[in-house]
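Quick notes on the structure that follows.
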Amino acid sequence: MVGRDENELQDVQLLGSQGTTYDFNYTPEVLEVFDNKHVSRDYFVKFNCPEFTTLCPKTNQPDFGTIYISYIPDIKMVESKSLKLYLFSFRNHGDFHEDCINIIMNDLIDLMNPRYIEVRGKFTPRGGISIDPYCNYGRPGTKFEQMADQRLIQHDMYPEKIDNR
């Protein structure tokens with residue numbers, strides 16, 4: 001079957017909504033899922049989110065970065081508009097870059113229980129230092145657990161040239 005019927009989309013409420021509300025405070029409840037129609041296949045889904053902002057927990061100064069989310073879905077998949085609104089909800093959330101990346105990954109694991117997921121942040125420099133945190137997860141007891149270990153070990157073997165974000 002090609003396409004999706006209304007029954008398959010009943011839990012997707014934000015997509016197509018003309019009255020979108022932007023919450024400036026951390027709101028994981030906004031995340032929505034839909035069913036993966038290809039559960040018999042392993043494949044990656046990647047989101048590139050270049051407009052992520054949050055606040056420094058100490059100074060309240062804004063931090064800017066790009067978030068990369070890659071995952072291998074199982075039964076559920078995250079809906080992209082809800083993900084956009086969720087990431088937007090970090091705007092007034094005060095946390096360190098490393099914490100934000102882990103919070104995002106943990107919320108997505110709780111939401112959709114993927115086979116594998118990795119979240120990477122590329123934050124613009126503050127004080128002359130840029131921070132690029134990376135975290136990942138592979139479902140325990142599966143090949144994805146070993147995959148997570150290998151990708152973590154190799155995630156930055158060939159670091160990029162940092163000249164301008």
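Every residue gets a Cβ built from N, Cα and C, even glycine.
The active site, thioimide intermediate annotation in Swiss-Prot covers C56. Non-local neighbourhood of C56 (active site, thioimide intermediate): P62, D63, G94, F96, R126, each in the same chain, at least six residues away, with C-beta under 8 Å from its C-beta.
Residues or ranges marked as active site, proton donor in Swiss-Prot (evidence: sequence analysis): D63. All protein chains included, D63 (active site, proton donor) registers 22 other Cβ atoms within 10 Å of its own Cβ.
As annotated by Swiss-Prot, substrate binding site applies to V78, E79, S80, H97, E98. E98 (substrate binding site) counts 14 other C-beta atoms within 10 Å of its own C-beta, drawing on all protein chains shown. In the three-state DSSP reading, E98 (substrate binding site) counts as helix.
Cβ-based neighbour count (10 Å, all protein chains) for V78 (substrate binding site) stands at 23. Across the residues annotated as binding substrate (V78, E79, S80, H97, E98), the widest Cα-Cα separation comes to 24 Å.
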